[in-house]
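Participant: Straight out of Swiss-Prot:
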{"type": "BINDING", "residues": "His103, Ala144, His145, Ser146, Gly176, Ala177, Asn204, Tyr314, Glu396", "note": "thiamine diphosphate binding site"}
{"type": "BINDING", "residues": "Asp175, Asn204", "note": "Mg(2+) binding site"}
Amino acid sequence: MNVCCVKIPACVRRFRTCQIGNVAVTDFSSTPLLDTIRTPADLRKLKVEQVRQVADELRLETIDAVSVTGGHFGAGLGVVELTTAIHYIFDTPRDRLIWDVGHQAYPHKILTGRRDRIRTLRTGGGLSGFTKRTESDYDPFGAAHSSTSISASLGMAVARDLSGGNNNVIAVIGDGAMSAGMAYEAMNNAGAMNSRLIVILNDNDMSIAPPVGAMSAYLSRLYSGKTYRSLREAAKQLGKHLPKMIADRAERVEEYSRGFMTNSGTLFEELGFYYVGPIDGHNLDHLLPVLKNVRDMENGPILVHVVTQKGKGYPPAEAAADKYHAVVKFDISTGAQSKSKPNAPSYQNVFGASLVKEAEKDDKIVAITAAMPSGTGVDIFNNAFPERTFDVGIAEQHAVTFAAGLATEGFKPFCAIYSTFLQRGYDQVVHDVAIQSLPVRFAIDRAGLVGADGATHAGSFDNAFLGCLPNMVIMAAADEAELVHMVATQVAINDRPSAVRYPRGEGRGVEMPEVGVPLPIGKGRIVRQGSKIALLSFGTRLAECEKAADELAAHGLSTTIADARFMKPLDVDLALKLAREHDVLITIEEGSIGGFGSHVMQTLMDNGALDGGLVRVRSMILPDEFLDHDTPTAMYARAGLDAKGIVAKVFEALGKDVNTETVKLA
């Protein structure tokens, strides 16, 4: 068997990926220290001067692993030294370590007993791309949505205090996640409770404060050291015996003098945190002593401000952090990602381009995104209309109410948010938008199952949680051409809120319209006429319905296919017609219980369509469980929402066994 080794650039020298047959394997001989580490306990046995080499090898292993699997890349490279230092200084998993979001957790997984599976990241049956409680004791709290770490950590710290424990609780949160209100709610609560909690702010965009080199490192060691803290505590005790005005002023002088010297931290001090930093997050000579001092502090809460660089140690990622935030498989030597040429435009790009065309005719159209401009297609709109584009940061609650405010003044806001993230702004959808019937347009991306990001990012519930709201128009695009028309439809809806949902990924490659044409509200369409079976689809499962209908035809079952287009208002006439004229009616959607199928069933019951027992009705929905990551195709097959599953459901409704009917799908 031939072994051909790929030449690796200097940035990852001493490390090789080899091809043995069709299998990519790693030459672990180039990571001698990392090879000795199965858990952080092994890391803590090493001499402090060896920690630098471990970090270097950990970075190489991370680069090689992600080049094979794809995944979130830049953030993980940015915290290699920090991850190594935390596990070296703290007694994990006894000391609880909570990573916010989890994008940066790959090096953490390698150090915590999962190196042998690191090349299964985000694949079916493999490691999650985020932290996950069921995966490891070193993941005490699961994450994938941002800004939850401080709240969870505070809960753990309080539980420790109530139980009489003495372990540390550490939350690592990025500066981007600090744009969400939840982080400040937690910090405000933590400061008031004075519970011993360590928050490490990973500032990888330098958006809060720039590093200040050796002076900052010296001051951070000084202020986190025992001598300074003892003097500070003694001064506090003395202050209790002084008049309140004098004591308050003395405390302010101390806080602001530290803020002046360190060029940051006043906000965190005001929230009740003891601030340390900023520290160079790639300099272990700075990190290790500061973290040791912080570990030994008896009072809290404490915030350690660490400045890092996304993509650190891999030049292509350092040069283009945005392009290497998340990657597909790539060539280590060049950084080139192996992206296949798309057969059709992505839904997000169709949305962005369609909105641009509408905005060229209507200067009241504006676009809003919550820190996901490229993921939602809003970047396309921004290129054309930067003054009408608003990226509000990781702040979905604010995004929704901000859009509501724009709507009150006659503007036409399109709030483009992933389905999973719209959950974070649900009260605002109800209270600030729906109750007031404000015409906010929701563009709900990543509807349905999303693949490698798994359950945390699945758009499973928006049909259910929006469908119960009065006066809401809810659409789902069956293909990319339908999405163009639905964007135009939303522009025309000025008396109530509306939503259109569409999935991640490419469209079907259908012929695209030059311009969008508003659809009749609450009206579906017949795609194929049959007589025996009716398939009523809501969303992009329409393509699977067509495959299923072909198979059913081979078994003599003439099948009607209908595209509902609207869940609310539902096309009542269409639903009743399908129930009246067919033996079996099956609804298909990419959503949970309580969604489209529930609305159809309620309509049929209210209109007496089920009273005679002449039609057999079934709803095909996502299973009542959180599906683990896999490819979207595999996930939908597991859910039974593919052509094979639809055919099986038809035979089940007819009282026949699909296996005995020898159904074979192409």
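Note that Cβ sites are derived from N, Cα and C of the backbone, with glycine treated the same way.
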Participant: Could you state the CA-to-CA distance between His103 (thiamine diphosphate binding site) and Asp175 (Mg(2+) binding site) to the nearest Å?
Facilitator: 13
Participant: Do you know offhand how many angstrom separate Asn204 (thiamine diphosphate binding site) and Asp175 (Mg(2+) binding site) by C-alpha?
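Facilitator: Here the two Cα atoms lie 7 Å apart.
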Participant: Count the other Cβ atoms sitting within 10 Å of the Cβ of His145 (thiamine diphosphate binding site), across every protein chain shown.
Facilitator: 22
Participant: Sorted by position, what residues of the same chain at least six away from Glu396 (thiamine diphosphate binding site) have a C-beta under 8 A from it?
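Facilitator: Within the chain, Glu396 (thiamine diphosphate binding site) has Cβ neighbours under 8 Å at Ala370, Ile417, Phe421, Leu422, Arg424, Gly425.
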Participant: In the structure shown, with every protein chain counted, which of the binding-site residues His103, Asp175, Gly176 has the densest set of Cβ atoms within 10 angstroms of its Cβ?
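Facilitator: Counting every other Cβ within 10 Å of each candidate, the maximum falls on His103.
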Participant: Quick one: Cα separation, Asp175 (Mg(2+) binding site) versus His145 (thiamine diphosphate binding site), in Å?
Facilitator: 14
